[in-house]
Amino acid sequence: MQPKPRPRERRLQPGTEQAKRSETKKSQTRRPSYRAAPTPFQFPTSPLLRFSASPLLRFSASSLPHFFASPLLHFFASPLLRFFASPLLRFSASSPLPPPHPPRTIPLLLHQLASELFKLYARKRTYIGFGAFLALQGAILAMLQHPRPKEEIAKLLGENGLEFASHYQGLTLAVVIIAFSFTFLGGLYVALVSGDIVAKEVEEGTMRLVLARPVSRVRLLGVKYAACLVYTLSLVAFLGVTALTLASLYRGGLGRLFIVIPDEQLFAFYGTGEGLYRYARGVLCLAYATCVIASLGFMFSCFRMKPAAATILTLSVLFVDLVLGQLPYFKSLRHWFISYHAGFWVRTFLAYPPWPMIARSALILFALSATFVSVGIVGFQQRDLK
């Protein structure tokens with residue numbers, strides 16, 4: 001027995017009444033497709049609606065719109081839930097969703113600063129300054145073992161009626177180490193780090209990836225400049241603590257403070273307590289004065305140049321300023337140079353410090369630092385990173 005032939009499907013002419021009835025019947029019996037996600041819905045800002053919806057869904061206001069827009073609602077939601085949720089879905093999406101918590105700007109800045117400091121101290125070149133100062137302090141203390149330096153220091157103390165054993169101690173040697181080492185080496189290592197902090201990332205290409213994030217350039221540069229200041233303060237604090245510690249261990253105690261700097265017409269001696277206080281105050285003032293070097297290097301680092309070029313330019317400006325300030329012909333013009341105002345920390349060791357002059361120098365250094373940073377930020381804003 002042969003099977004019956006399958007009847008041919010009769011094609012309907014489009015536009016006829018029979019074709020329209022067939023299309024209507026198909027659209028009514030067609031099952032909905034859940035592959036395409038509905039349009040995202042923004043939850044309204046009415047507190048009453050939030051209160052009525054929260055016991056039903058047990059979701060926060062931030063996750064509720066995504067739940068309504070997901071296909072899971074069509075499968076697992078009960079008819080009662082759909083009945084109560086449907087009035088919420090009829091609202092327009094024009095009402096924005098407020099953040100669940102106010103933006104925490106200060107903790108975010110601290111987190112960014114910590115990340116920047118982690119990147120800074122992860123580089124090996126950051127520790128060159130710390131190691132160099134340790135080596136220099138050891139070299140100075142080792143050379144002081146020679147009898148000739150001791151004889152000269154004993155002669156200077158004896159001419160002024162001071163006892164050698166009590167004044168040739170940790171405080172005096174620590175001031176000597178700082179005064180004659182930080183002038184050149186301190187500026188060198190601060191310029192090395194500050195001239196590298198922005199230009200290095202631009203050279204490596206990571207700056208473009210960072211700026212692809214929703215962060216402004218001013219904020220990014222502000223965090224990097226804060227990292228420069230933290231490094232500067234840590235370097236000066238490290239020098240002050242290690243110099244005093246090693247010198248005290250070398251001589252067996254703090255002793256009394258004796259300081260002589262002919263260029264500043266400084267000749268002073270203090271007891272242990274007063275000397276330690278003036279030493280700590282002088283180190284803090286030195287850290288403040290060194291920030292102008294970090295600001296200068298940061299400015300050059302923001303321009304279109306290599307990290308080495310930014311460091312060399314910073315050192316060139318500092319050494320030219322120092323040489324011009326040391327010339328005797330320009331002695332009456334010393335207040336024009338950065339090195340003169342940066343040396344105000346030495347004047348704090350005077351018996352009667354000239355506080356008006358010290359405050360004037362501190363304000364000038366602050367104005368210079370603000371100018372350098374502002375110029376660097378403006379220059380970086382105009383750059384087109386490719």
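Note: Cβ is positioned from N, Cα and C throughout, glycine not excepted.
Residues annotated as region 'Disordered' in TrEMBL: 1-41. What TrEMBL lists as transmembrane segment is 127-147, 167-192, 225-250, 279-300, 312-330, 357-380.
Highlighted: of the candidate stretches 127-147, 225-250, 279-300, 312-330, 357-380, 225-250 has the greatest count of Cβ pairs under 8 Å to the transmembrane segment (167-192). Using a Cβ-Cβ cut-off under 8 Å and counting only residues 6 or more beyond its ends in the same chain, the transmembrane segment (127-147) has close neighbours at 121, 173, 176-177, 181, 185-186, 188-190, 192-193, 235, 238-239, 242-243, 246-247, 250. When each of the listed stretches 225-250, 279-300, 312-330 is scored by C-beta pairs under 8 angstroms to the transmembrane segment (357-380), 279-300 comes out highest.
For the transmembrane segment (279-300), same-chain residues at least 6 beyond its ends with a Cβ under 8 Å from one of its own Cβ atoms are 171, 174-175, 178, 182, 186-187, 190-195, 197-199, 224-225, 228-229, 231-233, 235-237, 239-240, 244, 257, 309-311, 313-314, 317-318, 338, 341-346, 348-349, 358, 362, 365, 368-370, 372-373, 375-376, 379.
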